[in-house]
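Below is one structure, written out as structure tokens; the observations come after it.
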Amino acid sequence: MPAKEIAFHQGAREAILRGVQTLAEAVAVTLGPKGRNVVIEKSFGSPTITKDGVTVAKEIEVENKFENMGAQMVREVASQTSDKAGDGTTTATVLARALFEEGLKLVAAGHNPMDLKRGIDRAVEVIVAELKKLSKPTQGKKDIAQVGTISANGDETIGNIIAEAMEKVGKEGVITVEEAKGLETTLDVVEGMQFDRGYSSPYFVTNPDRMEAVLEDPFILITEKKISAMADLIPVLEQVARSGKPLLIVAEDVEGEALATLVVNKLRGTLHVCAVKAPGFGDRRKEMLKDIATLTGGNVVAEELGIKLEQLTVKDLGRAKRITIDKENTTIVDGEGKREDIEARIKQIRAQIEETTSDYDREKLQERLAKLVGGVAVINVGAATETEMKEKKARVEDALHATRAAVEEGIVPGGGVAYLRALQALKKLEVPEGDQRFGVAIVQKALEYPARRIAENAGWDGAVVVSRINDGKAAHGFNAASEVFEDLEKAGVIDPTKVSRTALQNAASVASLLLTTEAMVAEKPKKKGAPAGGGMGGMGGMDEMDY
């Protein structure tokens, strides 16, 4: 085991502080609408230019090992906030630094770090409860657009596109972000349920120009079995043919005699039919087939359920208003399943999302939920260069997370004002005499930092701006974009409550841990070994040569 270096007490905490300050300062310059860009060197390719706090934080490593530990702890604050709320990473970093700096002054003056931690925890609980009281639910497209705009660093186009996407697919809908080929940022919406399986044979196509099959008001046969013998299908096909409606067959596979017979009947015009493979694999396939059955009001043909293909009637088949099938995808629009059955299925999937510990499973469950609820939207991000594309795509993803957070827990005034208003609740907080009170005072002071830093980045005196905000009431604060004092809610300067809450909780958690640190252990840097053996005789002067 390599030898270790150990730092103790105040020396250890001061090393942490230097690391925290280094990282926090690089991140804090990006805060607010007048925040500056940070240019990050890459080992290959062009540098990255960003105004995203977590992107900056992830790139920072400090040479001194003890200082680097402090920097990495604050980086964790930014990452955790980004993962949970999607935004607020810079605010969380600024708060973590403020809480640690203010706390360290008191520890150096002889106050008990454990009591300070208890005071910080009590104060944060009260502030979080007050933020929830200040919170208002989002009302319509306008609020969502404003949250998206602020999170995307003031880009109204991004805010409006996200609001439009959420309006079309609903708050449970899937919204994905992809790179566009051109300069324009556009929105594509797929309504209904879409799964990534196309027709089994191009002979099923009804529109040769677009190479797609469109079935109007069709029946849908859903089975998890392979269909190869035609005899199993004949009874139900005869019933469908008599009705004059089209038929979509969703099966593990349709092959051999069955596929050939279906194609011949389609070409002759006897039966308007199309076959597609079932989506997914294994148990996930079974669940997706049940989703399709629930959405369309049909039954899944499965022997374990006692339903056989040859015994099917049209009552067992699903129905939909329209189905479009191309080479790669099948889209079911307006399935005719019972509303209460669909709601029960949605509730079941939501419960599974809550219970699962796997990120992959959660993502797949959310996709299934979105397909049942409303649809999928794709935001295609356009830009002139690859560097701009990366930066813009990251902003769109941040804005998307922030708008989801706003819909989930509501909104509060932005610009750091919500924290300053929530401070009123600390006046009523009863804390035992002693160092816990100083812990509460640390939080009181730290909560001024976000508003102060936003003002400083806009070229104003932070202390003066905070004083003027404190003189105002409710949502009255400093709009750094227009550099005026006004009602921030009316001006559209709002933050998701979840973002403000998560940023404070994560910052307080890490700052408390750092304040109660008494020792640090790091590996000693390895001494460089002696240079390789001496050169050959007669080679003097080699080290003066130019290469």
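Please read every residue number as a count from 1 along the shown chain.
Including glycine, each Cβ sits where the backbone N, Cα and C put it.
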Ask   = Of 42-64, 341-363, 525-547, which span is tagged region 'Disordered' by Swiss-Prot?
value = 525-547
Query = To which of the binding-site residues T30, T90 does the lowest count of other Cβ atoms within 10 Å belong?
reply = T30
G415 (ATP binding site): tally of other CB atoms within 10 A of its CB = 27
Inquiry  = So if I draw a 10 Å sphere around the Cβ of G32 (ATP binding site), how many other Cβ atoms end up inside it?
reply    = 28
Remark   = For D495 (ATP binding site), the same-chain residues 6+ apart in sequence with C-beta under 8 angstroms from its C-beta are G88, V147, I150, I411, V412, P413, G414, A418
Request  = Might you list, by sequence position, any residue in that chain lying six or more from A480 (ATP binding site) with a Cβ less than 8 Å away from its Cβ?
outcome  = G32, P33, K34, G415, I454, A455, N457, A458, W460
Request  = Please work out which residue of K51, G88 has the most C-beta neighbours within 10 angstroms of its C-beta, and give that one of the binding-site residues.
outcome  = G88
